[in-house]
Amino acid sequence: MERITVNLGERSYPISIGAGLFANPALLSLSAKQKVVIVTNHTVAPLYAPAIISLLDHIGCQHALLELPDGEQYKTLETFNTVMSFLLEHNYSRDVVVIALGGGVIGDLVGFAAACYQRGVDFIQIPTTLLSQVDSSVGGKTAVNHPLGKNMIGAFYQPKAVVIDTDCLTTLPAREFAAGMAEVIKYGIIYDSAFFDWLEAQMEALYALDEQALTYAIARCCQIKAEVVAQDEKESGIRALLNLGHTFGHAIEAHMGYGNWLHGEAVSAGTVMAAKTAQLQGLIDASQFERILAILKKAHLPVRTPENMTFADFMQHMMRDKKVLAGELRLVLPTSIGTSAVVKGVPEAVIAQAIEYCRTV
């Protein structure tokens with residue numbers, strides 16, 4: 001088992017990574033008679049809720065289960081209100097612990113509910129998808145979507161612990177696994193060239209669900225995320241680099257309708273557009289762009305601009321991005337394999353050229 005700490009002073013917390021962790025009650029750091037609410041979705045509940053309930057029974061916790069519908073289209077204020085109503089109707093007090101059992105949608109939504117309920121209650125992240133294991137469960141970003149933009153309503157609120165059981169990946173659909181790989185590859189591009197090299201060599205092992213390879217990849221991603229969050233919890237600086245491909249990607253998700261493109265799929269296509277923008281700006285060379293394009297293709301991810309999405313469509317959504325300051329668009333762009341920067345003042349003509357180029361890659 002790998003163990004990583006997110007260092008945030010009194011709000012520091014552990015990330016536990018490995019196979020068979022759902023058999024280890026100590027990782028939840030709960031005590032007997034504690035009240036716990038597991039929030040999950042209809043897909044994950046039959047797969048993993050019984051194991052978590054068994055753990056809670058072993059500890060002696062009082063527990064309840066809330067199942068929500070599955071999908072990005074349910075990451076809304078309406079579903080958030082369902083969680084809040086459940087907590088209120090059952091008269092839970094501030095000592096309740098909420099467990100987010102599921103992928104990124106569940107983690108973001110439940111974390112936001114925990115941040116808001118009685119001004120904040122403890123919650124534990126138990127991510128069951130690759131994307132949530134390597135990215136969204138770590139760092140305290142919680143939110144729901146709005147029709148005008150993704151993750152526009154939310155809070156920074158850190159979990160009490162993150163428990164990542166790699167066995168969950170054995171039930172993950174291939175499309176969801178590939179979507180998670182987009183975020184894994186992102187870490188190599190923005191932060192760690194040696195990890196990028198390793199991913200190029202180990203892609204087949206990862207897709208074969210090799211336990212050693214998966215544990216290493218997830219741990220390295222969480223390590224990078226923990227280092228970045230410890231330096232910049234609320235994204236005023238270096239943490240923005242974790243959004244490589246997300247400005248273009250969020251525009252795709254919003255325009256195409258939440259749930260039609262998986263988040264990781266949109267990030268993949270967005271990463272190619274960002275990399276092409278970087279090349280056109282002279283930040284990376286053609287060979288580096290081709291390596292980024294090739295590894296995303298190797299991971300079975302979409303790399304092309306959506307056919308029915310114009311430059312104007314992109315700009316309409318991108319100008320609502322949270323990195324826009326004083327009306328100026330800022331993009332996260334690679335400056336090499338393993339380094340990146342937030343760049344402002346990129347001419348719209350260059351962005352348009354990158355979007356058009358990526359229609360035929």
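Numbers here mean position along the shown chain, with the first residue as 1.
Yeah, the Cβs are placed from backbone N, Cα and C, and that goes for glycine too.
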Listed by Swiss-Prot with Glu183, His246 as binding Zn(2+), from among His255, His263, is His263
Smallest Cα-Cα separation from His246 (Zn(2+) binding site) among the binding-site residues Lys75, Ile106, Thr128, Lys150, Leu169 is shown by Lys150
Long-range Cβ list for Lys150 (NAD(+) binding site), cut-off under 8 Å, min separation 6+ in sequence, same chain only, gives His250, Glu253, Ala254, Tyr258
Those same-chain residues, other than Glu183, His246, His263, found with Cβ within 8 Å of the centroid of the Zn(2+)-site Cβ atoms are Leu131, Asp135, Ala182, Lys186, Gly245, Gly249, Gly264, Ala266, Val267
When the binding-site residues Glu72, Glu183 are compared by other Cβ atoms within 10 Å, fewest goes to Glu72
The answer, for which of the binding-site residues Lys75, His246, His263 has its Cβ ringed by the most other Cβ atoms inside 10 Å, is His263
